[in-house]
Amino acid sequence: MASPFPTVSSKASGVQILGPIPAEAKHIFSPEALALVATLHRNFQGQRKKLLANRKVAQAQREQGIMPDFFPETKYIRDDATWTGPPLAPGLRDRRVEITGPTDRKMVINALNSGVATYMADFEDSLTPAWKNLVEGQVNLYDGVRRNLSYETNGKKYKLNLDPGRHIPTLIVRPRGWHLDEKHVLVDGEPVSGGIFDFAIYFYNNAKESVARGFGPYFYLPKMEHHLEAKLWNDIFCHAQDYIGMQRGTIRGSVLIETLPAAFQMDEIIYQLRQHIGGLNCGRWDYIFSYIKSLRNHKEFILPDRSDVTMNAPFMASYVKLLVNTCHKRQVHALGGMAAQIPIKNDDARNKAAMESVAKDKLREVSAGCDSCWVAHPALVPVVLKVFNEHMKGPNQINVPPKVPYTPVTARDLLSPFVPNSKITEQGIRTNCIIGLSYIEAWLRNLGCVPINYLMEDAATAEVSRTQLWQWVTHGAKTDQGKVVDKAYVNRLLDEEYAKLAKAAAPGNKFKKALEYFKPEALGEKYSDFVTTLIYDEITTVGRPIPAEKL
C-alpha cells in the first residue's frame, strides 16, 4: 500500500533553481533542503503577501494624519505581567558583545576568531543578495558550524583558531526581511521569499548539528512592522521544527526593533514569539530611516543632519528606554546598537578619539541596562568588552534593577522630532550624497558592506541618506545658513560629489548607474520603499531553470 505522505521528491517538485550551483555547494541544496523551502513557501507565502499589503494600508493611514500609537486591542498583552519569554538558550546567556557582518569566508573566519559572545552572520543589509554571494554564504556557514573553515587569498591564509579552551562565538543568522524576494528560486513558478529561503536552507542543513555542538539554530529577524509579522516567523519556526523532528522551542529568534511601527508593539512582538524569542535589538540606523519614511509626508517631523541624530536625541533615548524595560520585564535580552567605526590606521590621534567615542557610547548603553551591543570590526572588541566587563558583572542585566526608576514612555516621547543643538548643513547634504552614491555603487558590484569615512556602512545608512534628502527637498527645509534645500540646490551638490567620486574611482566603476537610481530619490521626484528592492534586478543572474530533482 502506498504511503499517504508525500515523498521528499514529490515535495520538492515544482522547485526551480535559476542560478548555478557549483559542485562544492551541491550538498547544501539537496532535494530535502529544497523541499523545506517549498513547503514553507506553499504554507506561508499567502500570509506574507497579506502582511506586506497591510504595510501599505498602515502607511496610507499615517499619510492621512493617523499617527502611530499603542494598539488598544492588545492592551491586555501589555498589561499582563504574568507571561515571559522562554529560558535563555545555550550559548545565548551572555551576549555582551556581538560582531556582525556578511557571510563571505574571510569575514566568517575573522568573526569566529574575534573573541566576542556571538556573531550575527548577515544575509540582509550587509550582503548584496547576488546568487553567488548567497550560495557561498550558505557553504561558509555550514563549514563554520562544523568548525571546518579555512581560506587563502593573495598568499595569506586564514583559519579558525581551535586552541583548547578558546571560545568560539555563538552563530546567529540574519535572513532577509519580509519585503525581499529571491528571484533565483521559484516554487510553482513564483519567486520565494528571500527570508524563507535563507532561513530554510540554513536551518535544514545546520539545526541538528548546532544543537549537537552546544548551541542551536538561532536567528536575527529584521524590519518587521507589525506583531503579526512576528507571528508569521513563529509559525514558520514551529513548522520547520516539526518538519525535521526537532522539539519546538529549540529555535531562538532575536528581533531587530528597527521600524517606527514596531516600537509601539514590543510587548506584542515578544508575545507572538514567546516560545522562541531571544531578545529585542536597537537597530538604530534602520530605525531613523523608518522614522523619516513613516512620517515623511508631515513636515513637522523633519530631522537634522544624520550626525546630529545620536542615541541621546530624546526620541531615540525613549526608544531604548522602552526596549530595555519591555525586554527585562519579559525576561529576555535587551540588545544594544551598532558601533560602526573602523580603525584609522594612519592617524593615531583621530583613531584614539574614535575609540573613545565608541567607549562612551557603549557606556551609555550598558548604563541604560542593555545586555549586549554590536560592533562591525574586530578591532573594536577589546574597547567594548572593557566597558561591559567593568559595568556588567553578571552574564546579563535582565534582573538587575535599573539605575534610574522607570517612568512610562508615551507615544509623544517616541514621535517627538526635537533634537537639541542640531541643524541641517550643506556638509550634511553632501555627506548624504556621498554615502548614498558610494553604497549603491558598491552594492551594484555585489558588495553590501562598505567602509566610507572610517565607518562601516550598510544598506541602512544609505536608506537614511536618500530618505533625508527626499524629506528636506519635499518640505523645503532650510540649512543653518538659511538656504532652502530645493531640487536645484541638491542637484548641484549631488552632481559635484558624483564627479569627485567617479574621477577617483577605478575603471569599470558603477557610479553612473548609481546616480541614475539615487538622483530621482534625492530630488524628491519619487520615493521607493527600499533602495535594495529598487536595484535588486541589477544584480540578479537568472538563468535556465534547473528542477530541484535534477540537482
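The backbone N, Cα and C atoms fix where each Cβ goes, and this holds for glycine too.
Annotations in TrEMBL come from automatic prediction, not curation.
From a predicted model like this one, the values you see are computed outputs, not experimental measurements.
These features come from TrEMBL:
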| type | residues | note |
| --- | --- | --- |
| ACT_SITE | Arg174 | active site, proton acceptor |
| ACT_SITE | Asp458 | active site, proton donor |
| DOMAIN | 14-76 | domain 'Malate synthase N-terminal' |
| DOMAIN | 170-416 | domain 'Malate synthase TIM barrel' |
| DOMAIN | 423-539 | domain 'Malate synthase C-terminal' |
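Its own atom aside, the Cβ of Arg174 (active site, proton acceptor) has 24 Cβ atoms within 10 angstroms in the protein chains shown.
Taken as a whole, the domain 'Malate synthase C-terminal' (423-539) shows an average pLDDT of 96 in this prediction. Residues of the domain 'Malate synthase N-terminal' (14-76) grouped by DSSP class, helix first, strand second and coil last, total 41 helix, 3 strand, 19 coil. Other Cβ atoms within 10 Å of the Cβ of Asp458 (active site, proton donor), summed over all protein chains shown, number 25.
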